[in-house]
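Below is one structure, written out as structure tokens; the observations come after it.
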Amino acid sequence: MALYLATLLLQVAAGLLNSWVALRMVALGNSGLVIGSLMAVNALGLVVGGLSGYWLVARLGHVRAFALCGALAIAASLGHDFSNWLPLWLLLRFLVGLALMTMYIVLESWLNEQAPNGQRGRVLAWYMTASFLGLIGGQLGLSLDGAASRALLDLVVICFALCLVPVSFTQRLPPTSVTPQARLRPLGFVRRIPQALLTILLTGLLSGAFHGLAPVYASQQGLDPGAVGLFMATCLAAGLLAQFPLGLLSDRFPRPRLIRLFALILALSCLPLLWTPVSLPLLLGCGFAIGLVQFSLYPLALGLANDRVESHERVSLAATMLVAFGLGSSIGPLFAGAAMELFGGRALYGFCALCAVMLGWLVREPRTQSCVETAIP
């Protein structure tokens, strides 16, 4: 329970900060490409954090690494209020991404270490539920005050601070320290779990574009900050509702088959948003359908990967998966932001549909080989 509570508070802070930054940039008159660049630098911090975070967890242990990066996230978040100078914000977004990545590594490796393979889907369902509740809470926080107000930034900092409390007080023993044989070997995982890593990479593209630019897209449709928060919360609520049925399905059906099915549904759900103008009911309906399947891809890939590694490889796997996700998240806002600059806001969901088509085409179920029994003489 302590790890789930820490996840919830962490995601309230991370989700609210992402939307606050995007809307603050819109209020200052910046283009979609500039906003996408900020989100891409944040994702680059996630990538670097995947490498440095593995080293920190190995050197300091799970609890101290989590506390250290929580303090860094608090300091970097407060720095956004000092100035609107773009280079400073680029640095701060990088530091926030770096800190968040290490905290995710701690939480995901800790949970996967304790989950047997037969129950992994349900454990990850609880983890994703806590994540989505936090993200939804963060988006609804946009309606509490002005879109770019100092009060929202204060709320971000409070939640970053509070997420340290349950991890510090938990009586659950953290995983054993990383052993030399569990060194970070991403190329080894590329050979062993290519389907999972490909799904994570494309999910990162989708997630980076969504969290960084969906508030901008909704704002361009004429929505006020409260309605933008409602749209974002609707997308995330759909992802939340999908988690427990998904946990049961993923423990019973091949995960690659589910990934391909959800990619197809995602591509079809994006199509109505390629035309403008879009009414609020249509926007919320399509957003719900998109969130239902888009946010199911990450836990499916995570479960697929963790079923195929040994216990001592959990921290290394978590770091590798999150680095792949961070790479996708760093590229997604840049490409989607450039497309929005050229073709307008609707290009965001054209980009998402293209990513979904690529995922459905590239992911394949492993071929099963028939076994021929021969009589023993």
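Positions of Cβ are set from backbone N, Cα and C atoms, glycine also.
Remember, TrEMBL labels are computer predictions, not curated facts.
Matching 63-80, 171-188 against TrEMBL, the residues noted as transmembrane segment span 63-80. A mean pLDDT of 83 is what the model gives for the domain 'Major facilitator superfamily (MFS) profile' (192-377). Only pairs six or more apart in sequence are counted, and the transmembrane segment (226-246) with the transmembrane segment (123-142) gives three or more Cβ pairs under 8 Å, enough to call it a contact. Within the chain, the transmembrane segment (346-363) has long-range Cβ neighbours (under 8 A, six or more residues past its boundaries) at 195, 198-199, 202, 205-206, 209-210, 213-214, 217, 256, 259-260, 263-264, 266-267, 270-271, 273-276, 290, 294, 297, 332, 335-336, 339-340. A contact links the transmembrane segment (193-214) to the transmembrane segment (282-305), because at least 3 Cβ pairs that are 6 or more residues apart lie under 8 A.
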